[in-house]
Amino acid sequence: MAGYVGVLVSDPWLQNQFTQVELRSLKSSFMGMRRESGGGLKLGELPEKMSRLKHVGENLTVEERTAVLQDSYENLESEVDFELFLRVYLKFQALATERRGSGAKNSSAFLKSPTSTLLHTISESEKASYVAHINNYLAADEFLQKYLPIDASTNDLFEIAKDGVLICKLINVAVPGTIDERAINTKRMLNPWERNENHTLCLNSAKAIGCTVVNIGTQDFIEGRRHLVLGVISQIIKIQLLADLNLKKTPQLVELVDDSKDVEELMSLPPEKILLRWMNFQLKKAGYTKTVTNFSSDVKDAEAYAHLLNVLAPEHSNPSTMTVKNHLERAKLVLEHADRMGCNRYLTAKDIVEGSPNLNLAFVAHIFQHRNGLSTQTKQISFLETLPDDTQISREERAFRFWMNSLGNSSYIDNVFEDLRNGWLLLETLEKVSPGIVNWKIASKPPIKMPFRKVENCNQVVKIGKQLKFSLVNIAGNDIVQGNKKLILAFLWQLMRFNMLQLLKNLRFHSHGKEITDADILQWANGKVRNSGSQSHIISFKDKSLSNGIFFLELLSAVHPRSVNWSLVTKGSNEDEKKMNATYIISIARKLGCSIFLLPEDIIEVNQKMILTLTASIMYWTFKQPMEDRPFGSSDSETGSFVDTSSSSNSTMDDTASESSLDDSSN
């Protein structure tokens, strides 16, 4: 809610150190500590009580925290109010960050978790780079023309981003078609409600293309919190720049490997690793003997760039680039070479020699997009024809991967079949879905060198799955370690579905403690649509009539009457009309606040798993709304209390689907 942060904290400087989500969490911890101390809290009590706060408790001892307070404050018997509590927290956080930083690995990835540190400074070079990118790619946008080009020397970027339209449009540049632009509120003057809808649509869509937006709320965008806005923009731009680094978009990448086994390994790599492999492949051709392992320290002297551009565009080379000794001068010559090639680039020579990982990665990605130097006649492309068409598997992998990343696990998942094989991230996800269920005493944290430790982790994953009544026929921990695709997808589907049903159960006072089933969700959706005056009705989540999208549009209209503009809806009588409706449905649901990861094709093809997640997400959003905000006459249940529609709440059509996939894979 607007002004909420200001109510909690009056000091403007403190306001700028935290997101609203962080403040609410810390306020809750502060109030809990006060209650434990009988209504008052003294400075001297904080070192011990703050042990439970993640970054502070994990990295500093009680003695170290006490020493910090003794150095900073004369009287440790002083009463602590919330603002003093925050200042102490920042002191501990700074020391903890310094400790972690001394042993941290140099990462070349774009910002994965924009709120992982409280050192909220921004790079002016990165801001200038992203502004140039936006000015370039959105210059022709009809709505944004009056705001572009943005002046990088000002804070105009953050002001323009406050209505949500800019970032929604940027998401569509990165992954075309993600947002149905008919769902964006684009009036010249938006009211607070419309602005909030745009930011909700933006955040849910960003999650759906693979951005990590944990601990970021709509208010952070509305208030123009620079580090958070820039963090999201950087992730969106990275996704755009690396979009072609896969075999589907650029089959010529098979030239980087020798045989079909290596092709499969290449397909499992994240785009950033493929970009490094491509760069080293070209450098080897140029006779460059070093291996580039990152986009920071390994490229600071600009030598690798000089060799890369010489092999890709020798007609534009300058002999001086190879002979000049000064790194900055060489970097300037490299950029001149890129300019003569006509290659987009938004970094400066200074950014190269300072080793800015984000900007150097973007520069290499631009070079790859402009001229990748791969053969179009390579024989290895025939390897791709022998590989099975795993379109459905890749779509499900994508949905589950983005869902898991949205939970804020300790590591970003690039590929579920590779990154889950040691079991750790599955254990983390299980803990988030069902707190307290993991026995961490017998779990091994990465890096895990001993293979049997990975099996132990995965055995615990399977054991917990059975405890949660997942259907796990013929599956063992070693199947996960081996990367068995069908078994992993079957497990993840049941995990995602369990999370969904638990969320509904926790909100649902009419359930009387009973498990919520797929049939209950189906009954609720039909009841909502029927009570809105429509004749539409579905018999299951694989009902082919769902393909045209009309039922979901009627459901969305029933739970929020102003959400659907019926003049934009088609009859869904052909594939194009179905896709228009499906894209509109997904954008409207995200605009309301549904966190969903399906694609329009999932609706058109009636993928029952994704159809269930969509319906359940709409149901969950509806139940979260205060009664006064719901349509007149509606209640938590349009059909009365839930009934136990099955002798076993976990034996539903979708479990059967999971069982069959497990059985298939074990044959």
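Backbone N, Cα and C atoms are what each Cβ position is placed from, and that goes for glycine too.
Remember, TrEMBL labels are computer predictions, not curated facts.
Database features, via TrEMBL:
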COMPBIAS  637-655  compositional bias 'Low complexity'
DOMAIN    124-241  domain 'Calponin-homology (CH)'
DOMAIN    269-372  domain 'Calponin-homology (CH)'
DOMAIN    394-500  domain 'Calponin-homology (CH)'
DOMAIN    515-623  domain 'Calponin-homology (CH)'
REGION    629-667  region 'Disordered'
Top Cβ-contact partner of the domain 'Calponin-homology (CH)' (124-241) among 269-372, 394-500, 515-623 (pairs under 8 Å): 515-623
Residues of the domain 'Calponin-homology (CH)' (394-500) by DSSP state, where helix covers H, G and I: 68 helix, 0 strand, 39 coil
For the domain 'Calponin-homology (CH)' (515-623), the DSSP residue counts stand at 71 helix, 0 strand, 38 coil
DSSP residue counts for the domain 'Calponin-homology (CH)' (124-241), split into helix, strand and coil: 76 helix, 0 strand, 42 coil
How does the model score the domain 'Calponin-homology (CH)' (394-500) in terms of mean pLDDT? 93
